[in-house]
Amino acid sequence: MPRLIALSLFVAAASAMHAAPMPVLRLRGGVDKTPPEAYQALVATGVRQATMPTTKTVIQSLLAGAFVGLGSALAMTVGANLPGIKSSNPGLQKILLGFFGLPWALLMVLLTGAQLFTGNTASITAALLEGQVTLPQMIKNLVIVYFGNFAGGLTLVSLFNLAGLTAPGAASVAAAKTSLPFVQALTRGFLCNWMVCIAIWQAYCSTTVAGKYIAVLFTISSFVAMSFEHSVANMAMIPLGMINGAEVSIKTFLSSNLIPVTLGNILAGSLLVGTAYHLVYGSGLN
């Protein structure tokens, strides 16, 4: 009997070898764009953003600010509201703070084509250096998008408050963010937007929703866990903390956080991504 079974297996294997080959199923994955192709996507995005009609730019910036506001509210509701874990395992609490909220917010921005100030500092800088947009177009876009993001974030915070929802953890976060020295806030803003713009770059490398989400998830959650500072997120997080009991004045909010963080965000996006990759993959050194 064993010999008969072995003979049967041998005959089946031989028949399979002479049969038509089975089609191989391949899962599409990996990098869909090379780094130079991702740079060209960055430039094309910058051109689209800088040449978009003003009304559309305003709408897209309001929506982006609201998306980031939603992500900020989620982060403040979940990750920032874990006092027990924070005291016993602060590293885990930081991971949870970063994991829930802002990665999802950036994914919404990317998938809807909304305009986020911090990302635009890189994309429009690249388009400017490639000679495809003008400096006045760049300045106009960044100003509109910055204040549009701010208005969108504040609107979301107002809706959150009108809904009777609270985020008690936001108060301590707002107090900590507005107690940083100017240079520290600027540097944290610089490091933050370097990571944000690289996350967007990574998302350009994939054509699938899952690929884009993975591209932004770990990079964005990492900057949150390391306590870096994002100007648009702070436009929602700090006001959310203020309405939840943080003793922070508007003047302190602006001078101790938003202004230095914004400057750091601009420097990183324009220099470390827009200019750096113009030199590496664009026409800068050609």
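Including glycine, each Cβ sits where the backbone N, Cα and C put it.
Residues annotated as signal peptide in TrEMBL: 1-19. The transmembrane segment feature in TrEMBL is assigned to 62-83, 95-118, 138-164, 185-204, 210-228, 258-280.
In this chain, the transmembrane segment (185-204) lies apart from the transmembrane segment (62-83): fewer than three C-beta pairs between them fall below 8 angstroms, excluding pairs fewer than 6 positions apart. Within the chain, the transmembrane segment (62-83) has long-range Cβ neighbours (under 8 A, six or more residues past its boundaries) at 93-94, 96-106, 108-109, 112, 114-117, 145, 148-157, 160, 165, 167-170, 172-173, 224, 232-233, 235-237, 240-241.
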